[in-house]
Amino acid sequence: MKLYNTLTMTKEEFEPLEEGKVKMYVCGPTVYDFIHIGNARPLIVFDTLRRYFEYKGYEVIYIQNFTDVEDKMINRANKEGITVFELAERFIQEYYKDADRLNVKRATKNPRATEEIEDMIALIQRLIDKGYAYVVDGDVYFRTRKFAEYGKLSHKNIEELMAGARVDPNEKKEDPLDFALWKAKKEGEPAWSSPWGEGRPGWHIECSVMAMKYLGQTIDIHAGGQDLIFPHHENEIAQSEAATGKPFARFWLHNGYVNINNEKMSKSLGNFFTVREIIEKYHPEALRLFMLQAHYRKPLNFSIDLIEQAEVALKRIYTCYENLEFLIQNAASSSENDDKLKAAIEELKAKFIDAMEDDLNTAEATGYLFEMVREINTYANSCSKETLTFAKDTLKELCSILGILEQYSAKEEAIPQQILELVEKRNQARKAKNFAEADRIRDELKSLGYIVLDTPQGTKIERIK
């Protein structure tokens, strides 16, 4: 499999450091609010990569952190009159609700920054001992210029970074580019004891510590949104590699931005959607499918029209699968179209896998999936049970890689006995050629929310949605 490595700006063949095992670290949310659809993109994209690795037989150690102490969290907690820890616990649980509904698999571990403070202090002390960090009035800063390769991820030199730097008002720093490893205690903020006085860790050191603690000093893949390349991931590399002398991550993967109606998503513009708002109105898998119909590195434009289109497309997959289940019950033992459908499915599956192998090209892969649905719909009514079962299993197999077709609608609600009895009465009326009575029962079923479809394999009942 080839993956685009931000570090080298090329697609590279992926080989894990340890045979049969992939170690991934994905930057998780700051848990001060409900996750928005911009947060959802890396969740869905890198969950899909994980699923594909597992499909290929790898064991995946998947670590995704929670940033549970940070300026936004402190401000909101103070505003609500609760502790940062209470705020974090509330929104971590809300995160799990949203992620579960999006079929995002649970991480191997979700470490919380506040539970790893001792290890952060130890890493900061190590950087001080090696001359890469210094203390100023209880703050600890990283000496950016001492790390010769600073800028290698964002592909900028120190002068370019200086020109675009937001200068910290703390004039005691040796250099405006130096960044905080530890922040001295301020009024109204949570704090922990350290050799430099009470305070809290900087954001960047949190991820370095959690990644190395649970995955080792060099990991296979570090991933996150494009907005994290600089300064967050650049700073992670600097402090981690300065401390260990080893490469921090072999592959750096970044997903593109999500725009709303072709404008950058922002609360101030009023074009801001939480995941919860979308999945309460639309099928959660529609949001997942929408995200995967674009290449993960490209910008993605979100609109309600597009999510509605994704929901219609998702319905086509579910309908195809449900139809296969129905046809299998009454299928013939053989058919002249068996070979045609099998060949089409095998060819499209191969193309799907090729697309996934090429830098996780889910945009192409979903295209082949819908081609497969069309082929199945074309031939399914005249295929054997064996071929239909093969089609159903393959469709399910590929959808499971994408994380869809997992909230199986047909199983959500059993058809009431009253409806089944009416359908049987209608079947008896049709056998007796009493078509007026059959039509009357059909209309009654429709008024009760069900339609009946007469097929060569029997009567199919569908709930009107």
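For all residues, glycine too, the Cβ spot is worked out from N, Cα and C.
The Zn(2+) binding site annotation in Swiss-Prot covers CYS27, CYS207, HIS232, GLU236. Using a 10 Å Cβ-Cβ cutoff, HIS232 (Zn(2+) binding site) registers 18 neighbours. Secondary structure at HIS232 (Zn(2+) binding site), taken from DSSP and collapsed to helix, strand or coil, is helix.
What Swiss-Prot records for 29-39 is motif ''HIGH' region'. Averaged across the motif ''HIGH' region' (29-39), pLDDT for the predicted model comes to 95.
If you look up Swiss-Prot, you'll see 264-268 marked as motif ''KMSKS' region'.
The feature ATP binding site is assigned by Swiss-Prot to LYS267, with sequence analysis given as support.
Comparing Cβ neighbour counts within 10 Å across the binding-site residues CYS27, CYS207, GLU236, the minimum falls on CYS27. Counting residues of the motif ''HIGH' region' (29-39) by DSSP class, helix then strand then coil, yields 3 helix, 2 strand, 6 coil.
Neighbours of the Zn(2+) site: apart from CYS27, CYS207, HIS232, GLU236, residues of the same chain with C-beta atoms within 8 angstroms of the site's C-beta centroid are TRP203, HIS204, GLU206, SER208, ALA211, HIS222, GLY224, LEU228, HIS233, ASN235.
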